[in-house]
Amino acid sequence: MKWNKYSIQTTTDAVDMISSALNDIGIEGIEIEDNVQLTKEEAKSMFVDFIPDLPPDDGRAKVNFYIDSEEDDGSMLEKVKAELEDLRMFIDIGEGTITESETEDKDWINNWKQYWHTFTIGDLFIKPTWEPETEEMKGHAVLSIDPGTAFGTGSHETTRMVIKQLQKYVKDGDEVLDVGCGSGILSVVALKYGAKHAFGTDLDPNAIIASEENAEQNNIDKKQLEVIEGNIIDDKAVKDACGYECYDIVCANILADVLEPLSTCIHEHMKHGAYFITSGIIDTKENEVAEAFKKNPELEIVEINHDGEWVNITARRK
């Protein structure tokens, strides 16, 4: 099936009104393109591999919608133009021009799989669930994940750096805390390298489901990995559930703006001599996060690593 894609050139202030108008005339599946930065609250709730730094918001935006090319007789486009003219009477919609292009409907659910194959980080093999284990993998740790459902796949620089640090610092029998655990793959990796138990926290309830699925896929006993929803920074119930001074390793692959307040209190959950492994830090935020770590007298930075424009900071509790 082919689709006609229409893009309305407008302003960020007009996006909501235009989207509502399109919905009112029967258009669904609206797509918005802009450079509006996330608020701090929005950022805290997003636990993906990374969030790219956008160019400055210049007030411009695109609202895209799609019409089946076989059913597109031009009548819907005329309705859209009429709606835009009506909106001009009340708000500034900017250019309000519409450009057209054609796109082909593909099996997006499965076609991307042809580009995703097994890769390694150190001696860890990370493979998609549809690929079998090979002779080469025998005797090595293997992480099997479904990239279609996981929050993070391990391929991004931030995740890769944390995994390398886990390979370096995890010891047999360790207790691990995974803050902002997302898909739980860092916890699963730690368990594969000898950790006894991992406890994860995340603001997104879907993280619990994703972590459970990844644990099951990797033959991790349910008792070895626990995940709860909540904010470890300021929710006492979550802090109590995690426990105090009981972790050998704490990992957090989250945004710099969250790592800064986390660094003021994370030592409460760490044993003396435990490691705090972090990433999700864009290089422009490195000094800011490092200074936040240094302000906590309980922590000392032992490593700072770079991969592309991303940074890992590993600290130890004194």
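From the backbone N, Cα and C atoms, a Cβ is placed for every residue, glycine too.
According to Swiss-Prot, the S-adenosyl-L-methionine binding site annotation covers THR159, GLY180, ASP202, ASN253, on the basis of sequence analysis.
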Practice task
Output the one of THR159, ASN253 that, of all these binding-site residues, has the highest number of other Cβ atoms within 10 Å of its Cβ.
Solution key: ASN253
Handout entry: Farthest-apart CA atoms of THR159, GLY180, ASP202, ASN253, residues recorded for S-adenosyl-L-methionine, distance in Å
Key = 16
